[in-house]
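Worksheet: one structure, shown below.
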């Protein structure tokens, strides 16, 4: 019986290590997908219950754009910023429920606590102007995530 308890504890600890409860690692920059074992993946579509809304599309050097991800309870997220040529642009500011992923123009969660909305702030780079849009992956649970969520303008 003691062996069984130890085995269950070991499996739980391994799962917690794989889950990235404090945010996506830099390796997620390329695919925007969590590295959770045995996760069910869904591509965002018209029936996706999550929204990603930015307060403006046009930017100039130093501007800040507010981006809000909301919907039913979710555990984590990864959001990236792209210019009108689909190249990564700018950086996100650190916030209470978010931290920038400095290896790319991304931002991720700081804890796996359930949330129904998170607001992040994106900062335009110096000497740049144009249009920005955002793409997100939402981690609903450890075993389910939705990718390819595109932003709209409020």
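Heads up, the Cβ atoms here are built off N, Cα and C, so glycines get one too.
According to TrEMBL, the protein has these features:
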SIGNAL    1-19  signal peptide
DOMAIN    14-154  domain 'Reelin'
REGION    29-48  region 'Disordered'
COMPBIAS  34-44  compositional bias 'Basic and acidic residues'
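Per DSSP, the secondary structure of the region 'Disordered' (29-48) breaks down as 1 helix, 4 strand, 15 coil. The average pLDDT for the domain 'Reelin' (14-154) in the predicted structure is 91.
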